[in-house]
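Here's the structure we're looking at; comments come further down.
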Amino acid sequence: MRASLENGDDHDAHRLVDAGFRPPGRPRAARRRAFARARRGERRARGTAEDRHDVPGAEQPVLRDDAKGARRGGRVDRRAGDRHRRASRREQAGERRRGHAAEEDRHPAREPDRFDGHPVGRRVGEEGGRRRRRGGRERERPGRRVRRLEEFRRGRDVVRLPREGDRRRRRSRDPRRHPGRADSRARARLPRGAREIPEREDRRRAERQAGARERARRHREHDPGAPVAQGRLQRQRRRLDGRAVRDRGVGPRHQAHERRRRAGGDRGDAEAELEVHRDVRAVPARPDSPRDRHRAREEVGRQCAEGDSGRREADRQGQREDVQLVSGPRDEADDMDEASGAARAPDEASEEAMDTILALTGITKRFPGVVALRGIDLRVARGEIHALLGENGAGKSTLMKILCGIHPPDEGVIALDGEPRRFANHHDAIAAGVGIVFQEFSLIPELNAVDNLFLGREWRGRLGLRERARMRRAAADIFARLDVAIDLSAPVRELSVAQQQFVEIGKALSLDARLLILDEPTATLTPAEAAHLFGVMRELKRRGVAMIFISHHLDEIFEVCDRITVLRDGQYVGTTEVARTDVGALVEMMVGRRIEQSFPPKPRLARDAAPVLEVDALQVRENGPVNRFALREGEILGFAGLVGSGRTSSALALIGAKPARVRRMRVRGRPVCLADPAAALAAGIGLLPESRKTQGLIPAFSIRHNIAINNLGKHRRLRWFVDAAAETRTTLELMQRLGVKAPTPHTRVDTLSGGNQQKVVIARWLNHHTRILIFDEPTRGIDIGAKAEIYQLMRELSARGYSIVLISSELPEIVGLCDRVAVFRQGRIEAMLEGEAIEPNTVMTYATSDVRGANHEHA
């Protein structure tokens, strides 16, 4: 055998390689040459000149593997035997195919007609195989036509063989996707009994189409013009994806008939019907281009801004009558203005409608178990300051959150500049030009004012780096317009509450919004700071910016606003102009009743009553002033002054929540050292903080847990367990006593209104039997009705022997509620006013000047 390999006997070498023989001891180069000669002989024995597509006698090229092996310096592939075995199997398959081809030549009549001029040899060749080149190597395998032909001869059900190029067409094989032209290949794969399935589907589809034509014929007999117009209207609505406005209560077809009836004619043609449907806020049929679709949407928005017809017009008429009854009699000049307005030309009316920047129509919002808004309508003109009034829980904040994209409306349309809009999130509202200053701060305490101002929209240069200097200059310009001094490098948590409010306002102004929503912006501002804000608002008004102003201070409403819209219990009450109403009428619209007196009468207190709290020396900061004062039993002592004058700092240092340089005091004649709030709590002193949501309550807890958290040992069972039933009974008693409006004691406290939340904080201290209470801005963010309840509650507590310190920025509260007033200025008590001396002018004089009064007492 070795001799045959050395002599180059290709036939013997081929047999040995097929058997897997690997001759040992042979030089590598000799083995390589022997295997190369064996493979060349195999190719010559397997194929013909025609199959190889070259002329007879031509020398065969060296295979890529052999050439690669030669370049490698004679290294022999160890898997050559496996390759030769595969080659022999391919040769046997070729012999079988050649036998089939010879059988076909002997019986040409058995070839089916459905080949349609595409003989098998066209794809198969004489040997019946397909030649492929992969990696420079010739391979042969049976073609697809040969396999299908073999299946046909074996009796399988083959409808037709695929033609040339079917592999590249990639058509769907599911007849249901193309019912008009079912794929025959998919039907060919079905069993014989299931071939009528596509035909059955075709019959059913034809029956459905016939039924639709019959219904259309019957409908045409009833109303000849309706089917075409109705079909077009449906296509238009589908094309708008639900953006077309539909009138509530009455369908478009009924309105079309009503309009035709009032017009005095019965036009039955399709174009007249389509014209009527266009009046019902449809767009022109089949827009030809995106520009036409854009014009169609503008037309829809313009019609939205002009107002609804039918029931909406009647509702507004009734609301105008209600507002006229509330506002009182009108003079002849008003009647003449109304008559002239009624006689205006249609062009002027349309110009006024186009001046509307915001139109809310039928806004309805439902939450689990409650309907927050019911069909709210609101119109805001360009360059107008529009006030939105209502009690806590009336739906003002919910309506503004819908307008800002925080909550989606369940019903209704929002039209901005005459175009229907639907905001998916708050970023969409900002991009549309809607800015808002929330009642709760949306600032990040760890960032400074500049970063909070441009958070999420930082200015970046060419390399993507933030332009800090440019943003800092812009922030400085914004705060200069607000006329407020803010440290731009300090974190926001180190700023006062009033400064944080100005940062919120500056953040909204930096958006260049065309519609600005201000939700209680003056709640933390002094009158002077509020006056600065009103000046900024008037400047924005002159620039054409529309503003929605939400406030519980009616004097601010009458000072800066143009029109007022009132909500009550989630429903629209009415809209009136500021010049045509008064405070009493607005309060009655908000509350539903007339409030005669806000502040309860002051009792007469004995001047020689024993003090319950005596502060001998209180120095908050180093080298600062030292204050002394006393608090009597059953007295309401007011701390008045501007924001930053030291009122809140003194109160926090009093209970140990803030460090103090000097703190000497006595409680009921006994010296105490209040180093922390726990010591103050043990001494019977409690604080109702300025921000009740972040400092006074745990929002995720229930009413019962918030009330009982200061006194967990009161209802203890078996020393380690809390008696939940006893806590619930105590909570119910306090809720009834203070008038907390909530379904159950287990209601989450963050779902309550501001007034009820403040009552929960008061109930916590009453549960602890604390006799000295410090109220820091107790009526901030509370409507006028809840304010009256808080005032009455404070007076009742003082009548029961509770001593109260009231810190407030509202002069009417200080003057109307306090028995004595300590006026602070720059951390010092400038004056102690009592009795008739408590007047607004006197308080402001001591708060803003360096003059001390003759009645400057500290006891």
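Every residue gets a Cβ built from N, Cα and C, even glycine.
Among the features that Swiss-Prot reports, region 'Disordered' is placed at 1-351.
Per Swiss-Prot, the feature region 'Unknown' maps to 1-353.
According to Swiss-Prot, the compositional bias 'Basic and acidic residues' annotation covers 8-17 (among others).
The compositional bias 'Basic residues' annotation in Swiss-Prot covers 28-43 (among others).
Among the features that Swiss-Prot reports, compositional bias 'Basic and acidic residues' is placed at 44-80 (among others).
The compositional bias 'Basic and acidic residues' annotation in Swiss-Prot covers 89-129 (among others).
The compositional bias 'Basic and acidic residues' feature in Swiss-Prot is assigned to 137-167 (among others).
For 168-179 (among others), the entry in Swiss-Prot reads compositional bias 'Basic residues'.
Here Swiss-Prot flags 193-214 (among others) as compositional bias 'Basic and acidic residues'.
Look at Swiss-Prot and you will find 239-250 (among others) tagged as compositional bias 'Basic and acidic residues'.
Residues or ranges marked as compositional bias 'Basic and acidic residues' by Swiss-Prot: 263-281 (among others).
Annotation comment: Swiss-Prot describes 288-301 (among others) as compositional bias 'Basic and acidic residues'.
What Swiss-Prot records for 308-323 (among others) is compositional bias 'Basic and acidic residues'.
For 358-594, the entry in Swiss-Prot reads domain 'ABC transporter 1', with the evidence type sequence analysis.
Other Cβ atoms within 10 Å of the Cβ of ASN392 (ATP binding site), summed over all protein chains shown, number 20. In the three-state DSSP scheme, ASN392 (ATP binding site) falls into the coil class. Among the features that Swiss-Prot reports, ATP binding site is placed at GLY390, GLU391, ASN392, GLY393, ALA394, GLY395, LYS396, SER397.
The domain 'ABC transporter 2' annotation in Swiss-Prot covers 607-851 and is backed by sequence analysis.
Here ALA394 (ATP binding site) comes close to LEU567, ARG568, ASP569, GLY570, MET590, ASP783: these same-chain residues lie at least six apart in sequence, with C-beta atoms under 8 angstroms from its C-beta. In sequence order, ASP569, SER753 constitute the residues six or more apart from GLY393 (ATP binding site) in its chain with CB-CB distances below 8 Å. With DSSP classes pooled into helix, strand and coil, the tally for the compositional bias 'Basic residues' (28-43) is 16 helix, 0 strand, 0 coil. The ATP site, placed at the center of the C-beta atoms of GLY390, GLU391, ASN392, GLY393, ALA394, GLY395, LYS396, SER397, has further neighbours from the same chain whose C-beta lies within 8 angstroms: THR398, LEU567, GLY570, SER753, ASP783. A helical conformation is recorded for SER397 (ATP binding site) in the three-state DSSP classification.
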